[in-house]
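Noted in TrEMBL for the protein shown:
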TRANSMEM  A:21-40  transmembrane segment
TRANSMEM  A:46-68  transmembrane segment
TRANSMEM  A:73-90  transmembrane segment
TRANSMEM  A:102-120  transmembrane segment
TRANSMEM  A:127-145  transmembrane segment
TRANSMEM  A:180-197  transmembrane segment
TRANSMEM  A:233-253  transmembrane segment
TRANSMEM  A:265-284  transmembrane segment
TRANSMEM  A:304-332  transmembrane segment
Ligand SMILES: Nc1ncnc2c1ncn2[C@@H]1O[C@H](COP(=O)(O)OP(=O)(O)OP(=O)(O)O)[C@@H](O)[C@H]1O
Ligand SMILES: [Mg+2]
């Protein structure tokens, strides 16, 4: 069976004997058991914190991937939007004391609005020019947050206290590191499902036409401006939620953790991991946070990671446009076909 | 009834349409003319893809130029493109469904309308297939299904049979002829194939350098010496 036939069949929902579906289901169950059951129990606190941060940035990467895979847009401001979400979440908690979930949603909504506003230039510009605008936005945020710092229970609108910084407590459901890990993964999965639901519905069809050509989208009655901004809002929302989760994990946020360079790195690693499947974003998160930690752990300078990432990016750009995830899926498909022939 | 009045479009120094007027009354009206005559530009003016310098475009009493491009589509303006624009990673049904997304219909009505449109072009049971890897004829079928889904009022076709084999072009022709009575829309058909135009268009508009060279019943227009000189003559010489 050719790859195309396989795609046709899976699109038609008739996976031959149904074995493919079974294998997929088994894979999902096994992954869930591993992530929720085994990983949080066997890993120490240090590595759990690394994986929490990897999951958080994997979630943020899903917004970058959405813009890139669905609309071909390059956004170099995602880590800044994570910062916006973190800022609003902390501010909300210190100002109102409402449950974390509400603060986090407020952070997500705020980052969605900021993301959509910063996406406005994309209605006129494209390619490199728009990417540069987003990079400037990320740099502006870096300057702004270095000057103002994140809220930590102080007085005034900025809420920064230099003498007695206060911590935001972990959400009630996740006071231990193991529980926090499960909490973060659960929120990330919910966000992935929300993005997938959009992709399979009206919004996804509109995005597909816009990507094909804006003229064909308009000729189909699609409001190009609305659906482009909707994609930016959704990408901003997941970034904001990621920022809220980051704030909850540590209790405070450090302005130094949101440099513009990290936004560029997250975009590059989104391509390396694979922008077209959520597995890719999981890989992106691990590359972004776990690989540098791993290198440090074995005594290699964490900056070596940049070299590795640079090489991986070249590899992705030249030979693997669907990233590591795409290659894994390709390999998996070939194995199944081999098995089927026997 | 479609009314084009004194329509002008220019690109820099090029006058792609130059004071064009015509009143299109028949169910299927042909538009012919040499390469670069302004045929596609006329459709782009209908769609709102090019800036109109002067003139007006009305259809069934509605001023099309007053609406944004996507609103014109929702109003009932449908078109095909000179190069087909199917989306490979959407299914056939989703390629059609997107036309109805912005319309106020119940989901079940939309599903039924998609099925009807697919049946009309002869793709009744192929809605769940992806468009990737489909040949040009099937893509053109999907394109026509997109156009007739819902309730189109004005259908503009830009060389729908270009690149097809003769037998495929003949099959497509049978589908095109049936559009007006199936969905009640008026059809404007651009094509270089004069035999196709003669066979299915009651009246025909001939463009040359953005101007109206001739307009009227197809038979008369094609016998017009001016038209023969400007268009058909060129073809014979080539
Ligand atoms: N977007 C554009 N920008 C600049 N010039 C354009 C544009 N679109 C069309 N033109 C010019 O306008 C003139 C009319 O082009 P148009 O595409 O309407 O011709 P046509 O009759 O459709 O030709 P063909 O039979 O080759 O499809 C040509 O000189 C073309 O170069
Ligand atoms: Mg043309």
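Just so you know, glycine gets a Cβ as well, placed from its N, Cα and C.
Nonlocal intrachain contacts for the transmembrane segment (A:73-90), taken as residues 6+ away from its ends with a CB within less than 8 angstroms of a stretch CB, comprise 56-57, 60-61, 63-64, 67, 100, 103-104, 106-108, 110-111, 114-115, 118, 122, 126-128, 130-131, 134-135, 137-138, 141-142, 145, 150-152, 159, 168, 228, 231-232, 235-236, 239-244, 246-248, 252-253, 257-260, 262-264, 266-267. Contact count against the transmembrane segment (A:21-40) (Cβ pairs under 8 Å) is highest for A:180-197, out of A:102-120, A:180-197, A:265-284, A:304-332. The transmembrane segment (A:180-197) shares the most Cβ pairs under 8 Å with A:46-68, out of the stretches A:46-68, A:102-120, A:233-253, A:265-284, A:304-332.
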